[in-house]
Each structure stands twice: as structure tokens, then as C-alpha cells.
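Before any comments, here is the structure.
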């Protein structure tokens, strides 16, 4: 542009700048259209795959009821919270599915909307419970908790999840929107080009780093009620705690992901046999790291911690962490700095009537 200023008169310089600006906007628009087309293509391929599976099972006449062993009649739902190491964990499930003989399915919602419409809730519940060809199944996606019992389902799925320190999660998400990660480095992100650091955003009172953006893990566990998404709702916090204890099989934390995987392998070997060793030996390939991430200053953290929203999200995180550590303490023993799963610690006796 310096050369243009020397060679061109002012009017032509202005025209050149305008043309350049229009060209940039045009290119950004074309890139956005390509991304939308790619998303539509992915959804079309997924629908085609589903139809192919259904056609294979109806080609020879009416669909036969598939009798499943009790061990195979299991569905796990991992309603993953964004930026909690969810991709790292899900990749392990994909790597193990062929070996351990189960199916992995991604729940791809339009624009990553975590709240399903009522009609989609009905469809989803019906799919998950009646799609026997996909059992045992591991479903994952950015979807808030859905209570299957309200739809009259006899056998509910097993819910699992992972959560993260709320400020660390927000910082990671902030930079992810701008710079992406090492998983798909070439993909253009929504905020790409915005070089403002998280500290600068907080200091300026920006919307992308506002305390309201912390409100995510609570509504994901609270569910599909309107009050769950009312930022700062004490009812939503208590409902999220209730669901975590009563509706989730296990909830881990990002900071102790290996222990979470170890407990799942011990309790649900049908799905997770070999997961701990895979995580340990393949750590570099499974971990997904946000690029260009800068840790926030103490001043930035202190400012966010003044928010009532942070206090509530942190209360939920501490509640989940305490519960996870309680479960772990009763499932493992430590020796020489290593954790080992406890053997079966109960047995049956005094069995009557006596067999002859």
C-alpha cells in the first residue's frame, strides 16, 4: 500500500482501497458459503448412511425384531460441553469401537444448538431407544441433558460427561474461535482475524469474554427447561446438581481426565476396555490443543471472579469435582504414585435354601 501512495493520486488511492476492501469482503463471503455447503454435505452424507443401514435391514421383507443380549442393549450418551477435552475423549471412543464392538454416533445439531425442539426430542429418544442395529451405542454431541423418563422410556441411556474450571474453559473457547486448534488447523474460525487477547477483551468489557459467557456447564446439565438457560438462575444450578448426582453415571473433570477414563474402563469395560492404555500411549495424538492461547493475568481472573455468574459456575464445578474425587477414592488405591483399580470388594454368603 506504501507503493500505491507514491505512484497513484489521492482519488485513485481511495478507489484502490475500496476495491481491496470489497475484494476481501467478497472472499470472506465465499469462504462462509463454502463452509455452509460443507456442513450441508456432511449432514446429507449422514442421512444417506442412516438410510443405507435401514434399507439393509428391510431389503428382505418386514423388519425383524433383533434380540439383543443384555450386555449389548446399552446406550451411552456423552452430551459434551465445548472446550472440556471432549474431542480428545471422543477420539478414544472412536479408536476403540471396532475392537470392542460398539457403534459411535455424533449428534450434529444445526448451528450447534444445544436445545432440541420438542419434535426433535421425540425423534431423538425414539432413535436412541429403538435403533437396535446401533446398539451397543455411544452417542456424543453438544446437546443439553434430556430426561428420557418424561417420554415413557423403560430403559434410560447411561449419561456421562466431563467439565472444566469455568474460567479456563472460557479462555480456551475465546482463543479457539479466533485461532482454532491443532486438530483442524486449516479451518477458518468465526472470529478469525481478531487479534485482541482475552485480557484486552475483559479490560474493554467485550461481549465475547463477558461473565455471561461463563454460563454453559450449568445449563448443559440442567437440561431443556427454559429456566436452565436463564443466566444466573439459582434453580438451574440446583437442578444441574440434582441431575449430576441422580442422572449421570460418572462426571469427570478435564484436569483429571486420565482418572475419569480409568474409572470408566473399570466400570464399563464393554465400551472402554483398553482406553486407559490408549490414552497414556497415544496422548499426543488424542489431545487437542487450542493454538495461540495466552493465559489470563491475575487481574483478569480477579475481575471475572467478582461476577455472581462465575461464583455459581464455580460452585457447580467444585461440586462435580468433589463428587468425582469421592467416587475415585472408593474405586482405586495409590501405590508409588500410581493409581490401581480395586478388585471386587463384596461377596455373597448365607445363601438359602441350601441346594441338595
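Each residue, glycine too, has its Cβ placed from N, Cα and C.
Looking at 12-28, 29-45, the range annotated in Swiss-Prot as transmembrane segment turns out to be 12-28. Taking the C-alpha positions, the distance from residue 83 (adenosine 3',5'-bisphosphate binding site) to residue 108 (N-linked glycosylation site) comes to 16 Å. Listed recorded positions near residue 85 (adenosine 3',5'-bisphosphate binding site): none (candidates 108, 127, 142, 201, 209, 222; Cα-Cα distance within 10 Å).
Look at residue 140 (active site): DSSP puts it in a strand. Nearest in space to residue 140 (active site), taking C-alpha to C-alpha distance over the recorded positions 108, 164, 222, is 108.
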